[in-house]
Amino acid sequence: MATADLFEGVFDGPRREEIAPGAALLHGFARPQERDLIGAIEAIVGRAPFRHMMTPGGHAMSVAMTSCGRVGWVTDRSGYRYATHDPQGDRPWPEMPSVLRDLAIGAAAEAGFAGFDPDACLINRYAPGARMALHQDRDEQDFSAPIVSVSLGLPAIFQFGGMARSDKPRRFELRHGDVLVWGGESRLVYHGVLALKDGDHELLGRQRINLTFRKAL
Ligand code: MD3
Ligand code: FE
């Protein structure tokens, strides 16, 4: 066993790191609720299955997605938007379970964004090889609210740049249980995820799941 594995969970307790102005990385913040979170995600996926949505340009995304909450993010040939109904089945999205909602509100408060009231949670599933190209999140109405992201399962290399696509991105690793809060000056930075490296996570197997909590409306 590598030395790094021996120390896992010993020195990796909750730790807060300011990675950019307005962006806080809360290491391991979601670990205490990991099993409840995974159970809640399984229940959502049972009602609103993961699907590979089509970009407006006509490519299927490598990341599979679903949502919970009042609205969910969808994309198809006509563009990106938040919708109250799952287009697959034309039913309202599953409610946002309190274990998810309370975690997001607690993380936002921890990072200085008291009163965060998310109405959407996008759930992304990365299988080995899946990636997300550099983009900005700008489909929400109110950029003064932060976005809270929760990483579960296999680790991924996340990249974030600046306000211009051409700004050279910085890279860092997101691990199981890490929570990121993006607000203030960092709310509109370009960001993406490199192709997921294969592995076997003890709770989630060969995948990474990322939750992003948003105030969309
Ligand atoms: C920085 N998801 O769903 S989470 C997305 O890991 C998305 O699935 C990635 O980007 C993922 O839109 C990255 C970290 C993240 C999320 C939202 C942000 C970083 C952000 C919004 C603004 C700036
Ligand atoms: Fe994003």
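Positions of Cβ are set from backbone N, Cα and C atoms, glycine also.
Within 10 Å of the C-beta of Tyr80 (substrate binding site) there are 14 other C-beta atoms, taking all protein chains into account. Tyr80 (substrate binding site) falls within a strand when secondary structure is assigned with DSSP. Feature annotation from TrEMBL assigns substrate binding site to Trp73, Tyr80, Arg81, Tyr82, Asp139, Arg165.
What TrEMBL lists as 2-oxoglutarate binding site is Asn124, Arg125, Tyr126, Arg208, Ile209, Asn210, Leu211, Thr212, Phe213, Arg214. Taking all protein chains in view, 23 other C-beta atoms sit within 10 angstroms of the C-beta of Leu211 (2-oxoglutarate binding site).
If you draw a 10 Å sphere around the CB of His135 (Fe cation binding site), it holds 11 other CB atoms from the protein chains shown. Residues or ranges marked as Fe cation binding site by TrEMBL: His135, Asp137, His191.
Counting residue by residue with DSSP, the domain 'Fe2OG dioxygenase' (117-217) contains 3 helix, 44 strand, 54 coil. The domain 'Fe2OG dioxygenase' annotation in TrEMBL covers 117-217.
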Would you please pick out, from the binding-site residues Tyr126, Phe213, the one with the fewest other Cβ atoms within 10 Å of its Cβ?
Tyr126
Just going by other Cβ atoms within 10 Å, which of the binding-site residues Trp73, Tyr82 has the emptiest spot?
Tyr82
Checking the binding-site residues Trp73, Tyr80, Asp137, Arg165, Leu211, Phe213 against ligand 2, those whose Cβ falls under 6 Å of one of its atoms come out as Asp137
